[in-house]
Amino acid sequence: MTNIKLNYHKTHFLMSAPNIKVLPEDSGIEIAFAGRSNAGKSTALNALTQQKNLARTSKIPGRTQLINLFQVEPNCKLVDLPGYGYAAVPEQMKLQWQKSLGEYLQKRECLGGLVILMDIRHPLKDLDQQMIEWAVSADLPVLLLLTKADKLSQSARSKQVKMVREAILPFQGDVQVEAFSAQNKIGIERLSEKLDQWFSPLFS
């Protein structure tokens, strides 16, 4: 496998889509970021790219209602998916997001990996486990990012990472776990290395 190092700082916003019908051509490689509505997806994308406002963050969970695409390089895209779980929105809208999310995950051929973000203090909720289960059954590699790691002491953080690593063993598949904090720059390098690995087939 070719070793590559992409420059994520050059990432730029491409488009927002309410569903997969209006997404660009299904080609290249897309890496999707998924997680509960308050898991910190947008914050992680901003930290990775060193751009404060690339992905819009909000104090109100559930504001990412669309599929948002960002281009790293031609044929290399990052995708911010609608948050799942809690969101202070009408039920009808919530169902619409879930439909968009499900369609993207099931039908998008160029999906090359899934980054699932979970608050390190509340990991592996039911919907997170369903996501992991689905990805493993679809043969997709997964990186679990335990966000807001700065909220715990180093020993508590290590304990949580170990606990999650043990808890996911029954899922089998290619699932890795890392602590992450945008604020303290924990795990950003691990994330970019993993993305490089997933994008590398395009450069071989």
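Placed from the backbone N, Cα and C atoms, the Cβ positions cover glycine too.
Taken from Swiss-Prot, the feature GTP binding site applies to 35-42, 62-66, 80-83, 147-150, 180-182, supported by sequence analysis. According to Swiss-Prot, the feature Mg(2+) binding site maps to Ser42, Thr64. Annotation comment: Swiss-Prot describes 27-201 as domain 'EngB-type G', evidence class sequence analysis.
In the three-state DSSP scheme, Gly35 (GTP binding site) falls into the strand class. Comparing Cβ neighbour counts within 10 Å across the binding-site residues Lys41, Lys148, the minimum falls on Lys148.
Taking the C-alpha positions, the distance from Pro82 (GTP binding site) to Ser42 (Mg(2+) binding site) comes to 11 Å.
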